Amino acid sequence: MGCDRNCGLIAGAVIGAVLAVFGGILMPVGDLLIEKTIKKEVVLEEGTIAFKNWVKTGTEVYRQFWIFDVQNPEEVMMNSSNIKVEQKGPYTYRVRYLAKENVTQDPEDNTVSFLQPNGAIFEPSLSVGTENDNFTVLNLAVAAAAHVYQNAFVQVVLNSLIKKSKSSMFQTRSLKELLWGYKDPFLSLVPYPSVTTTVGLFYPYNNTADGVYKVFNGKGNISKVAIIDTYKGKRNLSYWESYCDMINGTDAASFPPFVEKSQVLQFFSSDICRSIYAVFESEINLKGIPVYRFVLPSKAFASPLQNPDNHCFCTEKIISKNCTSYGVLDISKCKDGRPVYISLPHFLHASPDVSEPIDGLNPNEEEHRTYLDIEPITGFTLQFAKRLQVNLLVKPSKKIEALKRLKRNYIVPIIWLNETGTIGNEKANMFRSKVTGKINLLGLIEMILLSVGVVMFVAFMISYCACRSKTIK
């Protein structure tokens, strides 16, 4: 009887040990199965989960605009006063709803090339007004004239055309005109056929395409999936391609899988003509999916003295105060010489000298920062907010009457934008069932087997020892 009981206890302990060992073995095996599945599904080729969502995003993406309405235009032109602005918005458009075009796989180097069509649909229900709302803003053509054409004789000619067209330093334009283009009366008088007479912050946009992009599809080397190999777009990036190597990373829609918190994630944006980067901030739960939040650090817009990577964006020693100013990036090299500066909204993280001539700004870290929420196992971006401000440099000019009373340089904010996207409920459910759900289930089974095995082994061994002790007595 004692022997049978002892044998039963030993058998139970053995079973527990087997379960514990099996659970322990299942862990690395399960991890390998997960890794194999992920590596297969994130490759950018026909038939994978990644490819389907990459060609046409299932996430609704919106771009909100806030316009800086100038309150004292006459005072600025006459006395070179601080520019008083009032933020008006948001005005919302749906963007990135068109599928990629000309998708072409190249098996020779494991890349895929494509065009990203541009389109914007106004969303009245998500806006404070209509596309016909008017604003007092900087005159884009007049403000840029002194910078683009610095020859004194040419400026005299341009001044006569500015006066003839009754143009000034500021103008009143509708939202639609300011964003998507209008025929400028001053430029229409310039007697050069090469001069573009239509002006707009995002002109041309609708019915155009960004690219050609060429990215690695991940076959043969999953660590390079979605990383940009080459970019040939309408932007003039030859300066940075050859001098600063500024086309790095992905397009931020996804990153190579198995993202670590210690990583610095690089991504390219044609809007700002450069690659930029984000660093880990926190873990959050997005619709039941654990994600890592990566944020754009203040160092990304730092002066070249603080961040040598930004030396390419310090092109004028006077404006930048010998490259000590920070918070704005001069991207005129890829804007055909027009003095366009990019910053975070309301000059967040900018040096005091940048915002000093502008009244009415209220930088706020929570509202004005850029972030990406990334599912770390797949590398997919499930939520993001890209926030940028478009500014134009205005300088005094003795030959152009509209600018001759200015006594200082201004970097004038025109608009700021917030482009956002969040995975929809249907896509989130699919993602949980096909990715995180299976991973969690496998992990749960592993832990149950390991835990039950350990408990059974310990319990039976304790019972066996107690039984043996009684038998000896």
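Heads up, the Cβ atoms here are built off N, Cα and C, so glycines get one too.
Model, not experiment: these values are computed from the prediction.
Feature annotation from TrEMBL assigns ubiquitin cross-link to Lys470, Lys473. The feature disulfide bond is assigned by TrEMBL to Cys244-Cys312, Cys273-Cys334, Cys314-Cys323. Summarising the annotation, TrEMBL assigns site 'Critical for TLR4-TLR6 dimerization and signaling' to Tyr464. What TrEMBL lists as transmembrane segment is 7-29, 441-467.
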- Between the C-alpha atoms of Cys323 (disulfide bond) and Cys273 (disulfide bond), the distance in angstrom, to the nearest integer, is 20
- Between Cys312 (disulfide bond) and Cys273 (disulfide bond), what C-alpha distance do you get in Å? 12
- Item | Length of the line joining the Cα atoms of Cys314 (disulfide bond) and Cys273 (disulfide bond), in Å | 14
- Just going by other Cβ atoms within 10 Å, which of the disulfide-bonded residues Cys273, Cys314, Cys323, Cys334 has the emptiest spot? Cys323
- Note on the structure: Cβ contacts within 10 Å for Cys312 (disulfide bond), all chains included, total 19
